[in-house]
Amino acid sequence: MELMVLLNALVTRLLFVLHSLIGVWRVTAVKKEPKYWLLALLNLLLCLETGLTLKFKQGRGYKWFSPAIFLYLICIVPSLWLLEIHHGTQYCGNEPGAVQVNVSNQDFNQSRESSHGSEGTDHHIIQTAKVFVNQLSTICETVWTLALHQTFLLLLVVGRWLLPIGVEITRDQLSQLLLMFVGTAADILEFASETLDIEDVRKNYVLINAILAVWTWSMLQFPLDLAVQHIGCKPSASTRRIPSLLLCRYSAELWNIGVSLFIQDGPFFIVRSILMGHFRIFNQMLVFFTAKNVLVVTLQLYRLAVITLDFRATVLQKSRKGEVCCCPCEPYEAHAHATGHQENEMKECVAVPPKEESQAPSEDH
């Protein structure tokens, strides 16, 4: 096992555990009930996954799916749910000034204790750590929750970058995936912060849970790598069917369209439409992002129509020549559809003789 692979696998999972523990600590501090420390036991799943990955995969990732990312979601999402539901119990009217006053008071107390200096270096370090934790505790609850949201999404992207890649995914595909994750994370953060900060939404407990459910649903795309990997198809009778050939040739593109329509932009548009249509909640940013969701959904449907029509035209062209696609299809690449290049569009498909001709030699036997 390579040293860098082992180091990246362990460091990334350690960051996941530490961040989830910070989330559990904030829930316990806000709720003021020690029983919420039981949420930290969810990290045992991530520790178990780490051991199994090191043993069976030598620290490298799996094809199409990242168990470490998925288990990290399981560890941190419950804490964020509890913090969002408990939102608003701490006064945050002048939070920057309040935090600064608390910090300066603590620094004064710390310097006064150190001036008596009879306790030693170890005790001084412990006292400094306690002062630092107390300073963090003075930060407004809503600021803590937003910071956890932001660091959560950033850690998803950075963690996916640091995690060792499997043999099935190339570095080029990983770079494409990370760029997609950056844009996706920004949209998800905007959706959560923009909708949950509306005062009328905060007064409706059911609406808060519905928004958090959609937010959680949108996070499920991060453990999957299907957006940059094509499904390998083996020659069989089923691959001669049009839907199978379409999925084989355009698997990554179809996955991207499906994610946008059913996991991200589609559900976001439905939630924002309900807020404006049923609850009569309007503001400039809500209207803008609703229009953005409509535009993205429309463009994805247009892309789906283009892919379907292009594939249908190619199949019809080959069928007129008596050829049938019965082998794995290569990933689609955009190219000019000039007449001189039509023979190269489906070069990966084998020409099969018409049925009447293929049956003729069997009669001699």
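Just so you know, glycine gets a Cβ as well, placed from its N, Cα and C.
Keep in mind it's a predicted model, so treat the numbers as computed, not measured.
According to TrEMBL, the transmembrane segment annotation covers 6-24 (among others). Packing against the transmembrane segment (6-24) from elsewhere in the chain are residues 36-37, 39-40, 42-43, 46-47, 49-50, 53-54, 59-60, 68, 71-72, 75-76, 79-80, 83, 148, 151-152, 155, 158-159, 162-164: each is 6 or more residues past its ends and has a CB under 8 Å from a CB in it.
Annotation source TrEMBL lists transmembrane segment at 36-52 (among others).
Long-range neighbours of the transmembrane segment (64-83) within the same chain, counting only residues 6 or more positions beyond its ends whose Cβ lies under 8 Å from a Cβ of the stretch, are 12-13, 16-17, 19-20, 23-24, 26-27, 30-31, 36, 39, 42-43, 45-46, 49-50, 53, 141, 144-145, 148-149, 152, 155-156, 159-160, 163, 168, 212, 216, 219-220, 222-226, 229. Among the features that TrEMBL reports, transmembrane segment is placed at 64-83 (among others).
Long-range contacts of the transmembrane segment (204-220) within the same chain, counting only residues at least 6 positions beyond its ends with a Cβ under 8 Å from a Cβ of the stretch, are 73, 77, 81, 84-85, 188, 191-192, 195-196, 263-264, 267-268, 271, 279. Summarising the annotation, TrEMBL assigns transmembrane segment to 204-220 (among others).
Residues 9-10, 13, 16-17, 20-21, 24, 27-28, 67-68, 71-72, 74-75, 78-79, 82 of the same chain lie 6+ residues outside the transmembrane segment (36-52) yet bring a C-beta within less than 8 angstroms of a C-beta in it.
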